[in-house]
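S.K.: Here you go, one structure.
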C-alpha cells in the first residue's frame, strides 16, 4: 500500500476547476514532484494534502487513513514555504524548536533534536542567531530543519528554492537530495522549474489545467513524453508535421511535410496514415557544413536563421525548406571547431533513427 493515496480528488472555485479528478499514489521514502505551469493545480493539491484546503470530492489517504476533515495541526505532515515563514523575533534554535514546544515535548528532547537538525543542515553554530543575520540559503536550511524536527510522515515543499539565485539554488538542490536520502522521509515537492524536478525527483507528476498528464521517472518524462504538452513543457523541442507511412515493432517511417521521409522510434498504437508531429530535442540534432554530408539517414539541408551563444554551447535555429524551424546544439569546445556558423549559412541538420518521438495528440 502506498504511503499517500490521492483518489479522484476534485477542487472547484466557483465555476473554475483547479484540480480535476486527480489520482496519485506516493510511496514511502519517495521524492515525488508535482510539476507544472502557474495555475495548473499543483499548489492547490499540495494545500489539500496539508489540510489548508478541502476537496469538493475524492479522498486523501495517509497510511490508509482518510485525511479529509482532519485539521492541519493534527496531520503527520509539515510544509516548507518559499518565503521561509521564520519568526523574526526568535533565534534559529527557537524557530526549529517551535513545533516540538507546541507538541509539549520535554526540554531535553527538544534540545537534542534541534542540535541534531542543525548538524544535518550544516548550521551547527547558528542556533543563537536571528533570521535577519542569515543569508537566503541559511534561512532555507533553517526552514527545512523546522519542517523535519517533529519527524513528519510527509514533508511538503512549496517551491522552496524559488527565491534563491541560480548558483545557490543548484547548491541547495544537492543538499536537499542528500538530506532526503539521510532522513528517508517522503518529500512532495512543488515547482514550475523543469530542471529542479528532473534533478531532484524519483518520480514526477506533470500537471496541466487541473489534470495529471503523466507520472513517471524523470528520464522517461524527458525521453518518452506521453503527449505534446509534456514534451514541450519539459525542456525544448522542435516539431515537424508528419504522417505515419510505416508502423512496425522496430520503428516508424514518417513523411515530413514538404521535406521527405525519416525513421523514428516505434510507438504503441500508431497506424499508417496517423498524422501528428515529430518532436526532437536540440541536443539530439547535429549541425554540419553541407560539404560534410551526414551519414545518417535522417538529414535535411537548411539555412541558419539565428543563433544564441550561452557559453558552453551555441543553439542554432535552422530554417528548413518547408519553412519549419529546428534547433540544434553545438558544444563550443567541439574538436576542430574553427568558427561559429553565421546567419544565412547553408548547413545540414541530422539525427539518429532512434532520436525524437512521434506525437499524434492535439497540441
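We count from 1, first residue shown onward.
Every residue, even glycine, has its Cβ placed from backbone N, Cα and C.
Below are the features I grabbed from Swiss-Prot:
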type    : residues                       : note
BINDING : 36, 37, 38, 39, 40, 41, 42, 43 : ATP binding site
DOMAIN  : 4-234                          : domain 'ABC transporter'
S.K.: Neighbour count, 10 Å Cβ-Cβ cut-off, for residue 39 (ATP binding site): what number do you get?
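M.R.: Excluding its own Cβ, the number within 10 Å is 15.
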S.K.: Output the one of 38, 43 that, of all these binding-site residues, has the highest number of other Cβ atoms within 10 Å of its Cβ.
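M.R.: In terms of Cβ crowding, the pick is 43.
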S.K.: When you average the Cβ positions of 36, 37, 38, 39, 40, 41, 42, 43 for the ATP site, which other residues in that chain have a Cβ within 8 Å of that mean position?
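M.R.: These residues sit around the ATP site: 192, 207, 208.
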S.K.: I want to verify one value. Collapsing DSSP to three states, which class is residue 40 (ATP binding site)?
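M.R.: DSSP assigns residue 40 (ATP binding site) to coil.
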S.K.: Limited to the domain 'ABC transporter' (4-234), I'd like the whole-number average of pLDDT.
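M.R.: Averaging the confidence scores along the domain 'ABC transporter' (4-234) gives 93.
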S.K.: Pick from 36, 37, 41: which of these binding-site residues has the biggest number of other Cβ atoms within 10 Å of its Cβ?
M.R.: 36
